[in-house]
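J.: One structure is given below, represented as structure tokens, and several questions about it will come after.
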Amino acid sequence: MNWLDTVRWDDKGLVPVIAQEAASGDVLMFAWMNREALQKTAELGQAVYFSRSRGRLWHKGEESGHLQTVHEIRLDCDSDVVLLKVTQLGHEPGIACHTGRHSCFFSLYKDGQWVATEPVLKDPASIYK
């Protein structure tokens, strides 16, 4: 059996993916992969996702330069979620979020509202031209 056949793909042929920074353990982002994206990620050693809005593969950092070097690819106990342990490249600290922040999980629920807890490290307008 091919290693990709072990993954429990959803009815659209996708699997959810969490990118975690290998050094710090920070959760950077959530995305989706199809079979081709997961295979390319394993081959290249860089994160390649499937963009549902664009309907195509998305090599993380292709526009921004904020690539993700993949150190480990893990599959959860139900074989339906992938975890990538990555090094976020392109800025120090790494910028994983399109808002110019380190992590996409910068909003904290506190006292009945969402509060931004991470600074914008780089203006998105200067990242995506």
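Just so you know, glycine gets a Cβ as well, placed from its N, Cα and C.
Predicted, not measured: the structure shown is a model, and the values here were computed from it.
Heads up, here are the entries from Swiss-Prot:
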{"type": "BINDING", "residues": "D76, D78, D80", "note": "Mg(2+) binding site"}
{"type": "BINDING", "residues": "C77, C97, C104", "note": "Zn(2+) binding site"}
J.: Within a 10 Å radius around the Cβ, which one of these binding-site residues has the most neighbouring Cβ atoms: C77, C97, C104?
T.: C97
J.: Could you list the residues of the same chain, at least six apart in sequence, whose Cβ is under 8 A from the Cβ of D76 (Mg(2+) binding site)?
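T.: Within the chain, D76 (Mg(2+) binding site) has Cβ neighbours under 8 Å at V82, L83.
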J.: In the same chain, outside D76, D78, D80, whose C-beta lies within 8 angstroms of the Cβ mean position for the Mg(2+) site?
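T.: Checked against the 8 Å cutoff, the neighbours are R8, L75, C77, S79, V81.
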J.: I need the least crowded one of these binding-site residues (D78, D80), counting other C-beta atoms within 10 angstroms of each C-beta.
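T.: Looking at the binding-site residues D78, D80, the Cβ with the fewest others within 10 Å is that of D78.
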J.: I need the CA-to-CA distance for D78 (Mg(2+) binding site) versus C104 (Zn(2+) binding site), whole Å please.
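T.: Cα to Cα, D78 (Mg(2+) binding site) and C104 (Zn(2+) binding site) are separated by 25 Å.
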J.: Just the number: how many Å between the Cα atoms of C104 (Zn(2+) binding site) and D80 (Mg(2+) binding site)?
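T.: Cα-Cα, rounded: 21 Å.
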J.: Rounded to a whole angstrom, what is the C-alpha distance between C97 (Zn(2+) binding site) and D80 (Mg(2+) binding site)?
T.: 24
